[in-house]
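Asks: Pulled the feature table from TrEMBL, pasting it below:
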type    : residues               : note
BINDING : His109, His113, Asp119 : Zn(2+) binding site
Amino acid sequence: MPKINFFTEDISYTLKGKTAIKKWLQETIVSEGYQLAELNFIFCSDEYLLRVNQDFLQHDYYTDVITFDNSEELKTILGDIFISIDRVKDNAKQNNATTHNELCRIMIHGTLHLLGYKDKSKKAKTEMTAKEDFYLASRS
């Protein structure tokens, strides 16, 4: 049975609207032609995500999201998405967005990475942002 899970590491955070978010993410995954096995979101602090970035990616900088694709089958989502709630709150202020809306943007961003979208080149980043906007607009 497909599962979307939410966990916290080193912080206290309660996600609002879990059922609606799960439905939205599941619909996004299916609309991209994938099936869901398991998707774990781990909400954490800046410092925790920095350590993940250093330990697993050898990057020594803060980031808002790190996605690990654990899929072994084509077109099947099995992954872990680590999100810094500290970065989400800062991004929300900078973008004049609510923390919840910014968190949804980061969640869909990580999910899109699992769906094969990249953001390293300008062209890829433009496509990623367009997909984020499209799926954010589809939330019920």
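Quick reminder: no glycine exception, Cβ is built from N, Cα and C everywhere.
Curation does not apply to TrEMBL; its annotations are automatic.
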Asks: Among all the protein chains here, how many other CB atoms are within 10 A of the CB of His109 (Zn(2+) binding site)?
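Replies: 22, counting other Cβ atoms within 10 Å of His109 (Zn(2+) binding site).
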Asks: Applying the rule Cβ within 8 Å of the centroid of the Cβ atoms of His109, His113, Asp119, what extra residues of the same chain belong around the Zn(2+) site?
Replies: Val65, Thr67, Gly110, Leu112, Tyr117, Lys118, Met128
Asks: Would you mind checking how many other C-beta atoms are within 10 angstroms of the C-beta on His113 (Zn(2+) binding site)?
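Replies: The answer is 19 other Cβ atoms.
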Asks: Counting across all protein chains present, how many other Cβ atoms fall within 10 Å of the Cβ of Asp119 (Zn(2+) binding site)?
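Replies: That number is 15.
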Asks: Tell me the coarse DSSP state (helix, strand, coil) of Asp119 (Zn(2+) binding site).
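Replies: Once the DSSP labels are grouped into three classes, Asp119 (Zn(2+) binding site) ends up as coil.
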